[in-house]
Ligand SMILES: NC(=O)C1=CN([C@@H]2O[C@H](COP(=O)(O)OP(=O)(O)OC[C@H]3O[C@@H](n4cnc5c(N)ncnc54)[C@H](OP(=O)(O)O)[C@@H]3O)[C@@H](O)[C@H]2O)C=CC1
Ligand SMILES: O=C(CO)COP(=O)(O)O
């Protein structure tokens, strides 16, 4: 495996893919940014700005653009930055292009519906010759693109792979910690999006700062229980990709998941149209996986029920507040 990672591919030119392309360029890499959308690539070629997904941010000069996945075949590592539910499709297409042993780093936060597979499990199935890895943590694309200080975790089965990738992609403003707890990192990113919708509901309903803090703490207890049941390490769940990302995403309408929750809480019928809210797609599979292992996740369950239209927001809040008294655990 090349350890220098001179050339980095980024599959997916949404907000996060574009920000990561610039971050990798800032770290001194040559970057190829791929999108399926020819018109979007042509517009970015002309303006050097991704107006659709990350307006106001100029692409670094070492970022080249492509609509051909074949152009990623010469990359030393590829970041897969499409939504969780699209990751299998793009990883499968990459399987025809990537040489054996190429690190393929999922940057999506979700669990595949239908299969209940975590993101690196999807990569293993769809692109078996690649080395799966995951990058996740508290990091809004706009913050990373603006060069604001950010810290995330990069995990791979072999810690040496994770460390080499973290070194290649990191810079003073984009710090990467490495880990071999792949499962822990992927669980944190997937679960926090569902809990952020609940936090948004609390915010949108005007339930107050005390309720918001209680929601984060009890939501984190759910994330920990789920993580433990699925083999995550506690120190990962309490780290950047777990607690760190939960706090970020539960705190501001900069988060699309939180913003969706706010609109549900206000019951204003406004759902940020066309905006990706991964938690809305993960909620049902997360709850089903919790059920399969007997993990108690009342907040995630309430979010799932509201999204499915089975209960209203008021009823969901009421049922959470009237749960039987129990020990804190
Ligand atoms: N934005 C952020 O701050 C962060 C996002 N993430 C995660 O990154 C992932 C991507 O999010 P983000 O970039 O924000 O999302 P965006 O909605 O901004 O972009 C999604 C990108 O994926 C492309 N895409 C969607 N479906 C497919 C498909 N089937 N085949 C090929 N390309 C596809 C879209 O292309 P098109 O435009 O043609 O539809 C678009 O370029 C999510 O899992 C998110 O949770 C993680 C950390 C931060
Ligand atoms: O994952 C994120 C920040 O770490 C982005 O959150 P949203 O997808 O909710 O905008």
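Heads up, the Cβ atoms here are built off N, Cα and C, so glycines get one too.
Residues annotated as domain 'Glycerol-3-phosphate dehydrogenase NAD-dependent N-terminal' in TrEMBL: 8-160. Per TrEMBL, the feature NADPH binding site maps to 16, 36, 109, 141, 256, 276, 278. Summarising the annotation, TrEMBL assigns sn-glycerol 3-phosphate binding site to 109, 137, 139, 192, 245, 255, 256, 257. The annotation domain 'Glycerol-3-phosphate dehydrogenase NAD-dependent C-terminal' is assigned in TrEMBL to 181-317. Marked as active site, proton acceptor by TrEMBL: 192.
Residues 139, 256, taken from the binding-site residues 16, 139, 141, 256, are distinguished by a CB atom under 6 angstroms from ligand 2.
If you take the Cα of residue 192 (sn-glycerol 3-phosphate binding site) and the Cα of residue 36 (NADPH binding site), they are about 28 angstrom apart, rounded to a whole number.
Calculated from their C-alpha atoms, the gap between residue 36 (NADPH binding site) and residue 139 (sn-glycerol 3-phosphate binding site) amounts to 24 Å.
Considering only the binding-site residues 16, 109, 256, 276, 278, the residue whose Cα is spatially closest to the Cα of residue 137 (sn-glycerol 3-phosphate binding site) is 109. Spacing of residue 276 (NADPH binding site) relative to residue 139 (sn-glycerol 3-phosphate binding site) is 15 Å (Cα to Cα, whole number). Each residue contributes its Cα atom, and for residue 245 (sn-glycerol 3-phosphate binding site) and residue 109 (NADPH binding site) those atoms are 11 Å apart. A distance of 14 Å separates the Cα atom of residue 257 (sn-glycerol 3-phosphate binding site) from that of residue 141 (NADPH binding site).
With a cut-off of under 6 Å between the Cβ and any atom of ligand 1, the binding-site residues 137, 141, 192, 255, 257 reduce to 141. Of all the binding-site residues listed (36, 109, 192), 192 sits in the most crowded Cβ setting, with the most other Cβ atoms within 10 Å. Calculated from their C-alpha atoms, the gap between residue 109 (NADPH binding site) and residue 255 (sn-glycerol 3-phosphate binding site) amounts to 13 Å. There are 23 other Cβ atoms within 10 Å of the Cβ belonging to residue 278 (NADPH binding site). On its own chain, residue 141 (NADPH binding site) has 15, 16, 18, 19, 54 as residues at least 6 apart in sequence with a Cβ closer than 8 Å to its own Cβ.
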